[in-house]
Amino acid sequence: MTVKQRTNRKSPGSTNAVPRSDTRNGSERESARSGIRIDWRRIITRMLMMTAIMVAVYFSKANKTVQFAKQDEEIGKKFVEISCSEDYAEELRQFRGCTPRKCGRMVSDSLIKPGEVAALRNIAERGLALGGSSGGASILDLHSGALSQGNAFVNIYKLETSRKIFTGEDFKIYSHVKGKIQHAIADHFGIDKGQLYLTHPTFFSRITSAPPKTIHDEYWHPHVDKETYESFHYTSLLYLTDYGQEFEGGRFVFIDKDSNKTVEPRRGRVSAFTSGSENLHYVEQVTRGTR
């Protein structure tokens, strides 16, 4: 995600002194002659303060936080259906049956077994040990081989040290878990699993409290997945660490009009949701530990 700023400012050469004429209107000149002074700075300051208070009140109401999934509760299955955005309208006309018929968000703690979680975490730790972002947000994509390293990315499969780091069993468990999540999404959202395909990026993510070094480290900006990746219809997350125990901050937050809904990471927790603007979201900044 790129944030662009435009700053308008005078050039250094525009500071030449120029005689100024009295540009005040007649009533202002009359007020000055009669000794009456209007403190425009105070009036503008008060108006700005009132505006700031109104904005603060508005956002405090709009950003009320509701816990959608707490870390210390075990959720068999929790699904909330929400109205689909218009993001899929053109695709619905062109590719009937391949786009969401209903939209929403789902959480399940019973889908992935503890042994599978431990195996995936081990794979992630071994791979990320060969790299890691200097800015705190690192990824490892087993499909493309993309690995964060310093302020850039390298292909892990081209590193001399990675030739024996992954085994056939590693890819087997990875594929097995991926298939379980794929089938769960098809079931929860009522679509034909034969029409659901995995698209990249599919990656492990490791986040620490280190300050960002590049734009890739700024993971906390609100965003819509389908705007970033047009082919996305569904997004799924599998957590390998526990919120409040192994790290602080880092909660997943859905931004809704009435309130924000938080998902607290828990080992083995799967969260899935439709990828359009009906699910605007962000991740809180990690303040301690490793997420």
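Using the three backbone atoms N, Cα and C, a Cβ is placed for every residue, glycine included.
These figures come from a predicted structure and were not determined experimentally.
Some features that TrEMBL has for this protein:
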type	residues	note
REGION	1-32	region 'Disordered'
COMPBIAS	21-32	compositional bias 'Basic and acidic residues'
TRANSMEM	43-60	transmembrane segment
DOMAIN	199-291	domain 'Fe2OG dioxygenase'
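When pLDDT is averaged over the domain 'Fe2OG dioxygenase' (199-291), the result is 95. The helix, strand and coil residue counts that DSSP assigns across the domain 'Fe2OG dioxygenase' (199-291) are 10 helix, 34 strand, 49 coil.
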